[in-house]
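K.L.:
Following this message is one structure expressed as structure tokens.
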Amino acid sequence: MSTSTSPAAMLLRRLRRLSWGSTAVQLFILTVVTFGLLAPLACHRLLHSYFYLRHWHLNQMSQEFLQQSLKEGEAALHYFEELPSANGSVPIVWQATPRPWLVITIITVDRQPGFHYVLQVVSQFHRLLQQCGPQCEGHQLFLCNVERSVSHFDAKLLSKYVPVANRYEGTEDDYGDDPSTNSFEKEKQDYVYCLESSLQTYNPDYVLMVEDDAVPEEQIFPVLEHLLRARFSEPHLRDALYLKLYHPERLQHYTNPEPMRILEWVGVGMLLGPLLTWIYMRFASRPGFSWPVMLFFSLYSMGLVELVGRHYFLELRRLSPSLYSVVPASQCCTPAMLFPAPAARRTLTYLSQVYCHKGFGKDMALYSLLRAKGERAYVVEPNLVKHIGLFSSLRYNFHPSLL
């Protein structure tokens, strides 16, 4: 007489037959240990990781960041107070270049007192230009002050060292009192003014528009030299409207839908999957090659890279300027934007045709123009500037946070 066996009982029998040496058991244990123990322990303080413990660390890290920014602001202030002014001996990088190859235009407003954001930005550019030497002789610093008030102390201080364009100099402007003009439209018009002033004053080959809370990374000039001299000679890059030098780290995950990122993510699995499979087969003394094991390690590596944070793996590209990637741009944000001169003139025309408002800032306006005008734009990865401004010039923020 035969007896029927339930599916649950059959499953239990099969599980009992599995030994610790079973491939399935080993890979299951590896998954649990990696994603349940090792990665959370190693990454719980990484700000842009899915393992980041926000409730434990965010407030403290935000306060530490603000305190460090205050110290760096004070250091930048002392730096300029001790630097010889235009009445004395001015370093060559501050002197006007007849027709520069690259104009670095820093747009500034009077921000939260004490942090001296614009001083931090300009002092870092000055230091990097000095280190760059003859290679950067065709670079020109240019400050564009769009603060309506005359009380912008940092801009006044910098005017001793850097050529300055003041949008509201010598005028009693009631621009902000016009009910039809909101802060987002004013920011766009300020941007247009600074871009146009850069072109009219210097007629350069390129204009780098930098907001006053975007500190350049150490590698910015070697990377720009490589990109503009070599990579942007390629036909599909040559006529780009702009090149973004910054994209928020929180938006750099693979799960933020960008076609090129998906291809990169699959490429990570295709690269690391076979490598980890070979390592596993070698150390586990498994004969031959297993497609299921390779599929597991491909998915394992893709999941690990995404959960730890794509941002941190992008940092490996800083080893060489040639490793930086250039991919199609998305809409956010504008801390640092590079315009070839012909594209800058097209941008001025385009921006004069749009009106910005809440929910449609200048970054979205620029991005919307790509499809409307048949233009292309790109972003370089990893970022070439650090965004240090936790206090927005558009929105009141009494409790600034890193996220």
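Using N, Cα and C of the backbone, Cβ positions are placed for all residues, glycine too.
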K.L.:
For the disulfide involving C144, grab the partner from C132, C136, C194 as Swiss-Prot records it.
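P.N.:
If we follow Swiss-Prot, the cysteine bonded to C144 turns out to be C194.
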K.L.:
Check for me whether Swiss-Prot puts H57 and T347 on a single side of the membrane.
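P.N.:
Topology check (Swiss-Prot): H57 vs T347, same domain name.
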K.L.:
Work through the recorded positions one by one (C132, C136, C144, C194, K362) and name whichever has its CA nearest to the CA of C333 (disulfide bond).
P.N.:
K362
K.L.:
Hey, does DSSP put C144 (disulfide bond) in a helix, a strand, or just coil?
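P.N.:
Note: C144 (disulfide bond) is in a strand by DSSP.
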K.L.:
Using an 8 Å cut-off from the Cβ centroid of V109, T334, P335, K362, can you name the remaining same-chain residues around the UDP-N-acetyl-alpha-D-galactosamine site, in sequence order?
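P.N.:
These residues sit around the UDP-N-acetyl-alpha-D-galactosamine site: I107, E187, Y191, M209, E211, C333, D363.
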K.L.:
What is the interatomic distance between the Cα atoms of T334 (UDP-N-acetyl-alpha-D-galactosamine binding site) and C194 (disulfide bond), given in whole Å?
P.N.:
14
